[in-house]
Structures are given as structure tokens and as C-alpha cells.
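What TrEMBL lists as region 'Disordered' is 1-57. The annotation domain 'P-type ATPase N-terminal' is assigned in TrEMBL to 61-125. As annotated by TrEMBL, domain 'P-type ATPase A' applies to 155-218. The transmembrane segment annotation in TrEMBL covers 320-343, 366-390. As annotated by TrEMBL, Mg(2+) binding site applies to D439, T441. TrEMBL lists D439, K440, T441, E551, F599, K622, R656, T736, G737, D738 with the feature ATP binding site.
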Amino acid sequence: MSSRIKEMVRVATARLGGEPSPRAGPSQPGRAESSRTARLGGGGASLRRQPQPQAPTVRTIYCNDREANAPVAYKGNSVSTTKYSVLTFLPKGLFEQFRRVANLYFLMISILSTTPISPVHPVTNVVPLSLVLLVSLIKEAFEDWKRFQNDMSINNAHVDVLQGQKWESSPWKRLQVGDIVRIKQDSYFPADLLFLSSTNADGVCYIETANLDGETNLKIRKALEKTWDYVLPEKASEFKGEIQCEQPNNSLYTFTGNLIVDKQTIPISPNQILLRGCSLRNTEYIVAVVIFTGHETKVMMNSMNVPSKRSTLEKKLDKLILALFATLFTMCVIGAIGSGVFINEKYFYLGLRGRVEDQFNPKNRLVVTILTMFTLITLYSTIIPISLYVSIEMIKFIQCAQFINNDLNMYHAESNTPALARTSNLNEELGQVEYIFSDKTGTLTRNLMEFFKCSIGGEIYGTGITEIEKGGAERAGVRIDDDEDKRSATAVHEKGFNFDDTRIMRGAWRNEPNPEACMEFFRCLAICHTVLPEGEETPEKITYQAASPDEAALVAAAKNFGFFFYRRTPTTVMVRESHVDRMGSMQDVAYEILNVLEFNSTRKRQSVVCRFPNGKLVLYCKGADNVIYERLADGNYDIKKTSREHLEQFGSAGLRTLCLAYRDLSMDQYKSWNEKFVQAKSSLRDRDKKLDEVAELIEKDLILIGCTAIEDKLQEGVPACIETLSAAGIKIWVLTGDKMETAINIAYG
């Protein structure tokens, strides 16, 4: 056993130095020397290469093998959010108390009262200070005990862990890196996990990330095709993959790593990562591997230690006490100087000789002044009431325990969640709001996206009137009638689609001046996305699961325009198209998806490289107008100018806009680019940066097709709420990624 551990340590050391030394064992002979094959891009292109850990900070995890992971001594999965421990409570608690000016003042007075110059007994100062500190420390201990109980309930929650060939329930705190776990529907993820398999078809699961980013719409995660079969415990026990990934960090939306399984190196993206704090939805259960635990999970690395919070009132009290102390000091200085000046032996009848030696000796007036100064400070100390802080602490504690935590108006009945004040230090800050920073989508608006208008080949389609346009007309004194009865017979209003224009509905687009542009527009909507269809493969009964409502709305629009996306496999997208010459005739077309260049907040665009049944290669791209316009080919100035005007018009109507573009590719161009893409996707260092650089090589010389306009209606009562807040003098800032015109008109709306 010791020789085996030494060998594993040598292998780990070699890996940290960048040496490709894959784990070899009796069950995997020759694994260290064998080459790996990576099949990427979905186009059948393969690249045989040795996986080279490119950074000295690579983490290597052996799946389902605790013995192999033991030498590295990864952190456990137990977490603590408490402010104190048994050892640090007294010193840290006293430090927190003596940050207050008043407590420092009373400590000084208590020390002075124990000296012979004090005219009062020490008990009168020491006992009140001790009581103040005791009450404050008890309050701090009680609040930290509540945090500790919450930690214990989380650490002792149970999850199914693979032991041998069966699932066994185990507390979260006993999870280790490399363990294979089963997460059931509506359960929270106990650690950061690599998604292996799901009971859903095509290795898909749905998660809710509200605890991380506040988003309530479900996100889609998709397992690597290589691991889809590891659903049952008997099969999962055979999984012995190796994960090489980045070290723990606090970036919630990025992940870089490779999975080495069956001599293949497969890149891992954030699409396969399940973060602690998220929950599983609409999926019976999933199987996953633990990669980060405890305080190394991304959510815990984003959390801070419990800060020492001080309210505005407490800071004002400190200033008030300093002012009182300045007044007290002035009084004592005047009294001490007077004592030094007027002291005289003729006042023998006052019995001053019996006091402290030299304190009232007329022959040494400086000493008399100094000693009298301290005596007066002790004597006048009651000018600063020590009971002030005790009263405030007790009031705060009672407010939290009896009022805030039991407030029915702050109780959420649906989730059975009452208000919980984790600290009482900031009670008086409640309601003191000067600025509000609000998200737009899902906060001011409903996050229910509907395809409303579009511009194709320089022509606007869609006759509807938005809420923002109605509001603008009302401000201008113009009356607008938007009667539902006036909608045409071709108008459709369903989830994600609210469009009316007889020129392009029900196949009428074939009669437009530029039907080829319409066809490319609809095809781009149907192909360039990551949406997953569910249910029966009919336009009436199918449902779309998307990472954002925008994507679902665009795919729903393509369906209503006659390009019905109904099935997705790992490498193909199936679209039922009605673009053939005869009206009413359909054609099922399989587009092979070779590469997906995913959307993120930096790129602000999404692209797919697809192969048509006839072998034609096309890049479809959709994104923000400024990003797409930067990458358009020269020429076509008229359509660019016209589309720009349409975008401004859509933005003024409060609509969310996207531009669509495409580019034809030759096979040589694609092969040369795909090699660079595969290398970038397998990189363990700066993977995102390299992928962006590779994407720039192909996302250029695009041809503009048109732009979309999606409406996200305001929440009920938003205008009245904003008006009330403004009348109260509260300043409101809206944070949005939309166009400036959209944000301005949403605010006016």
C-alpha cells in the first residue's frame, strides 16, 4: 500500500510540473503511454494528442476512487458561516465591543476608579461596564449560535453517494472530491459537480439558480455524450474517469477542464457544471461527480466572512459621545486649573491634608492640577450614560426576535419562509433608502418575452403597438386605439409570439420582394440557438426549454413562420420547413451542427456552424447590433443604414433587439479553423480567451439578414411604484444590457 501511495504522489507531482503522466494501474495497463482521441465540433473531426496540463495549478481528480485522491488531501465538504469559534469568541467579541468609543471611555473610568485618586468606589463603574459587555456578548453569542445551527442543518443534510454498486445515504459533510452522487428532483446540489447522466433523454437536466443570481427561469445543463449511460448504480460503479481542471475560484460562469475517459480527452464547459446552492428541477434524478467541496465551492468562495456591521446610528452615537467627552474634559480642565490656583493652607477646615499625599499640597500646584483633573473626570463620568448602549442593544434584540422574525407581512406562504434577521446591528437602517439600483428584466418587466416585430432585408414587419408606445402617445396627448378585434386573421398570440402582419404570415413571405432573405432569416431563428424541444413533435403541443425566454421566443417565431424546429440530437437539428414551391407542403430537413460558439456577456453574440444536407457549410450568428455591425462584410450600405434606423425605432418602442447574420464557408476554411477551435477547447489555460480569439477568426465578413424585436411587458403597478418612489425623493437607477433607447423608454413607460 505504501508503494502505491508513493507512486500516486510521484504521478501528482509530475502533473503539477506539466508532465503528461496519466494514472496507470493494474486495471489499465499501458494507459500512460497510450494516445488520446478527442472528437469535438460534432463534425466528425478528431484530433489525436497527448493532454498537456498547461498550468502548474491544475487539479487532477480521480472519479469514484477515494484512495487515489487521498494523498492530495482535498478539503472536506463541511462549511461554516459563523462569526466566532469557541477559542476566538472572547478575544474577538471583546475587540468588537471596545471598537465602540463609549466602552473604551467606561473602561478608562473603571481603571481610574480603582486608584486612590477616585472619589467613588470602583464598583459603581466596573459593575455597569461588566453588565454592558455581558449583555452584548450574550446577544452576539445567540446570533452566532443561530448561524451555527443553520450550518449544522446544511452539513447534516443527506445525499445518495455511490458505495460499491448501490446508493447509500450520506451527510453532505462526508462528501469527498471524486465521489459519485445521485441528486433527486427538487434537491439542492451539495457541492460543485460534474454532470454525468440524467433520467431525461439526451443527458439533459434543468436547474434553478435563484440562490446564485436571482434568476427564476430554469437553466439547461447537458452532460457529455460519453457519460450518458452512467445512470444506474451498477453502471456508474464502472466509471473511472479522470478530471483535469482549474483550481477553485470564485467565477460563477466559467469553468475550464478536461475529462479523460476510455483514452479520450473531452473538454468540459460550464454547461456540464452544477454549482452548490442550485437545485434540480423537472428531472427525476441525475448522477454527477464531486469536483469542488466545502469552502472551495464557487458559491462559498464568493461569500465573505461575517462582517462587523455598524449602523449609522451607532456611528452617530460615537460622535455624540466624543462631543460629550470633549465637554466633560473642558469642565475638568477648568476645575483642575481652578483647584491649582485657589488651593491654600488657610482652608485647613476642609480636611484636605488627609487625602492623597501631595494631591492638595499648596506647595506643588502643578501636581494638584493634574491629580484633580483625574479626580474630576471620575466624578463627572455620569455625564455619559452607560445605560444608553444597554437600552439600544436590548431594543435591537427584541425587534429582531419578536417583531421582524414574526412579521406576517414579510412571510412568504408559498415556500413557508418567514423573515430571518441574522444580525440585529442594522435594524435602524431599515427604511432609510436614498438610492435604488434595480435590474430591468424580471424586475421592472415580467421576463415573459414575445416576438413582436422584425426587420428583414430592410423592411419592417409587425403591426402591433407596444405598451411603451402607448405611454409615449398619452404623454404627447395622442390617443391610440389598439383594439384586439382589428387584428388580422393571420395574427397569432401564444407564449413567446405576439405578431400580426399579413405580408409574411402563413407563407405569404414567398410573395415579398426578397423571399430569399426571409428564408435565411427564419432558418437562422430555427437553427442558431441551444433550445431543447419537449413533448409531441407537433406545432400545437411541443414546448421549448431554453436558457433564456428570448431564445424560446425566437424559436417560437420560426415555428409560426413555417420553420418548425422539433428535434435535437447531439449533432443535428431537425427543422420542418414550408419553403417549397407548393403551398401546404412540408419538408423535414436535418442540419448537422458542427460547432456552437456560445453566448456570454463578453461576446454578446452566439454562432453555430452547420452543414446543410447538400454539404453546404454556413455560419449563422445572432447578437447585439454593435457587435454584429463590427463584423459585417463591406458593401450593402443601404440595408445596413436602413436596419440601423429600424433598430433605433424598435428601441424607442421599448423592444429588445438582436441582429441576425450569416456567412457561407468553404470546406478548406472550415477545416483550418476547426483545428484551432479543437485545440482552444481542450486547453486548460485561458480557455475562454483562446476560444474568443478563435471565434474572431470565423465570425467576420458576415452578411446582415435583419433584426428581431421582442417585447417584455412591464410588471403590473411598476409605473405607479416608480412615481411613488420618485415623489418620496428616492433616486432610481436601472441596470440593463439593452439599448439606451430601450432603457430610457422603459423608464418613461
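For all residues, glycine too, the Cβ spot is worked out from N, Cα and C.
Unlike curated entries, TrEMBL annotations are predicted automatically.
For the transmembrane segment (366-390), the list of distant contacts is 100, 102-103, 105-106, 109, 112-113, 115, 117-120, 125, 128-129, 131-132, 135-136, 317, 321, 324-325, 327-329, 331-333, 335-337, 339-340, 343, 356, 358-360: same-chain residues at least six beyond its ends, Cβ to Cβ under 8 Å.
Under DSSP, residues within the domain 'P-type ATPase A' (155-218) fall into helix, strand and coil as 11 helix, 30 strand, 23 coil. In the structure as shown, the Cβ atom of T441 (Mg(2+) binding site) sits within 10 Å of 20 other Cβ atoms. Per the record's binding annotation for ATP, residues D439, K440, T441, E551, F599, K622, R656, T736, G737, D738 show a top Cα-Cα distance of 23 Å. The domain 'P-type ATPase N-terminal' (61-125): residue composition by secondary structure is 32 helix, 2 strand, 31 coil, according to DSSP. Summary: among the binding-site residues (D439, F599), the fewest other C-beta atoms within 10 A of the C-beta are counted at D439. The C-beta environment of G737 (ATP binding site), restricted to residues of the same chain at least 6 apart in sequence and closer than 8 Å, consists of S601.
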